[in-house]
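Okay, so here's the structure we're looking at.
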Amino acid sequence: GLVLAVDKQHRIMTVSCEDIPGYMAAMVMPMEVRDAGELDGLARGTLIEFSWVADKEHPYAENVRIRNFDSLELDPLSARRLRLLDGAIDQSLSPDHVLKVGQLAPDFSLTDQNRKHVTRSQFAGKVVAITFVYTRCPFPNFCFRLTNNFARLQKRFADEMGRNLILLTISLDPVHDQPETLAEYGRTWNIDTKGWHLLTGPPAEVQKLCERFGVAFFPDEGQLIHSLHTLIIDRQGKLAANLEGNEFTAEELGDLVKSVVKGGATKPSGL
């Protein structure tokens, strides 16, 4: 499941859980642990595995483990890409430079699929979700999955798009992914342009933004190898979560977005 909140004092984690066949459907659920140490290292956006002890009087979670970045679905070529990427990350990203949860997200100036000027600061007071993809990515479990997650968010929060929730998809291949290319990509996904912007801009600007958000990428055999990140910025412009990888579900991501919208809402959002 995906962690939405951690209350170490009361030994409770709130988790958006996958379904447990024969026991319960996928749902958001507060879960108690017997040992507060089980919650060490957990934060909003952490992907975990755990054992659920279905005690009739006091059910609880145990053996909580943070899941690794590598997806269980990866084929050998994708695994090679991740090995190369691990080396790139070690060499190119300084932990001190990468934005941490709770810190104010940097502003930026990019261009969307309609050639409109877009900055992060123009969405002050709204929750902003950000991913980094490139339109020529051939791997269904990489960029396609991240974009599909956003398409599912758009459907789930249709009434909130542009009003309380903004989706930003930033191209890692800005030279190729010009506004016309992004517009065609957007038509493929039937995006709502009120609340979902596909962004491109000067390569140096994209590179700087990636470094700040901890996204590593470099060219390899005509493709781009890159880390997978989905970021959630709260209404105050601070980083609420930085999800790495592709193992969380669109439903879990939606539950996380919902918790951030509710947590910073100044009026009923309907979520």
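In case you wondered, yes, glycine gets a Cβ from its N, Cα and C as well.
For the domain 'Thioredoxin' (99-262), the predicted model reports an average pLDDT of 91. Taken from TrEMBL, the feature domain 'Thioredoxin' covers 99-262.
In this view, C137 (disulfide bond) is surrounded by 18 other Cβ atoms within 10 Å of its Cβ, with every protein chain counted. TrEMBL lists C137-C143 with the feature disulfide bond.
Positions annotated as Cu cation binding site by TrEMBL: C137, C143, H226.
According to its DSSP assignment, H226 (Cu cation binding site) is in a strand.
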